[in-house]
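Right, one structure below, let's go through it.
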Amino acid sequence: MSSPTTKFSNAASSAGGPRVTPAAASILDPRTGRPVGAGDPYFLEVNHELSDKGFFVAATDDLITWARTGSLMWMTFGLACCAVEMMQVSMPRYDVERFGFAPRASPRQSDVMIVAGTLTNKMAPALRKVYDQMPEPRYVISMGSCANGGGYYHYSYSVVRGCDRIVPIDVYVPGCPPTAEALLYGILLLQKKIRRTGTIER
C-alpha cells in the first residue's frame with residue numbers, strides 16, 4: 001500500500017507537469033487521510049500554471065521608484081516665451097506622455113514643476129506657494145536661461161536671477177528658448193536621477 005504522499009505525487013503527476021512544491025506530508029485531511037488539496041482541481045491547475053514560469057522579485061523601494069518614473073505628473077508654470085516650447089513638447093510630434101509624463105493643472109496632483117521663463121520678484125512668492133502645495137517627493141525643472149540665471153534680463157531690478165533662489169532645482173535646461181527636444185532630454189535626465197536616488201522621501 002502506498003503512502004498518502006505517494007498518492008499526492010501520483011495525482012499531481014497525472015494532472016500533467018511536475019509539481020512546484022513538495023508534498024504536504026504533515027497537513028492531512030482527517031476525513032480522507034490524504035494531504036489537504038490532493039485531487040483538488042483548483043490546486044492542481046495552479047500547480048500546473050506555476051510549474052514552468054518564473055517569478056519577478058524586487059525590493060519595494062525599487063518597485064516604487066520604477067512606478068514613479070513612469071507616472072510623473074507635471075505642473076505647468078509658464079512665465080514667458082519658454083512656455084511655448086513647453087507646450088510643444090506635449091504635442092503629437094514629441095508626445096511626452098509616451099514616457100508617462102502628463103500635465104496637471106493642480107499642484108496637489110503634481111510631481112514635477114517646470115519653471116519656463118523669466119521669474120520676476122512679484123511672481124516669486126506665487127512660485128514658492130505652488131511648490132509648497134506639491135506633495136513629496138517633488139521635483140523642479142528650470143527651463144531656459146531666464147529661469148536658470150536671469151538670462152537676458154539678468155541686470156533688471158525686477159527679475160530674480162535664477163529660480164534656484166526660491167525653490168530647489170533638480171534639472172537645468174539651458175537655451176533661449178530651449179527647444180522641445182532639450183526639454184524632453186531634461187525630462188529623461190530627471191527620470192534617470194529618480195531611478196538613481198530612489199528615495200521615497202526627500
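Please read every residue number as a count from 1 along the shown chain.
Glycine is treated like the rest: Cβ placed from N, Cα and C.
Positions annotated as [4Fe-4S] cluster binding site by Swiss-Prot: CYS81, CYS82, CYS146, CYS176. Residues annotated as compositional bias 'Polar residues' in Swiss-Prot: 1-13. For 1-32, the entry in Swiss-Prot reads region 'Disordered'.
Overlay of Swiss-Prot annotations on the structure.
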| residue | record | Cβ contacts under 8 Å, 6 or more apart |
| --- | --- | --- |
| CYS81 | [4Fe-4S] cluster binding site | GLY117, PRO177 |
| CYS82 | [4Fe-4S] cluster binding site | ALA116, GLY117, MET143, GLY144, CYS146, ALA147, PRO177, PRO178 |
| CYS176 | [4Fe-4S] cluster binding site | GLY144, SER145, CYS146, GLY151, TYR152 |
Open item on the list: Give me the sequence-ordered set of same-chain residues, not including CYS81, CYS82, CYS146, CYS176, with a C-beta within 8 angstroms of the centroid of the [4Fe-4S] cluster site's C-beta atoms.
Closed with: ALA80, ALA116, GLY117, THR118, MET143, GLY144, SER145, ALA147, GLY151, TYR152, GLY175, PRO177, PRO178
TODO: Based on DSSP, name the secondary structure state of CYS82 ([4Fe-4S] cluster binding site): helix, strand or coil.
DONE: helix
TODO: Have a look around CYS146 ([4Fe-4S] cluster binding site) and count the other CB atoms within 10 A of its CB, chains all included.
DONE: 29
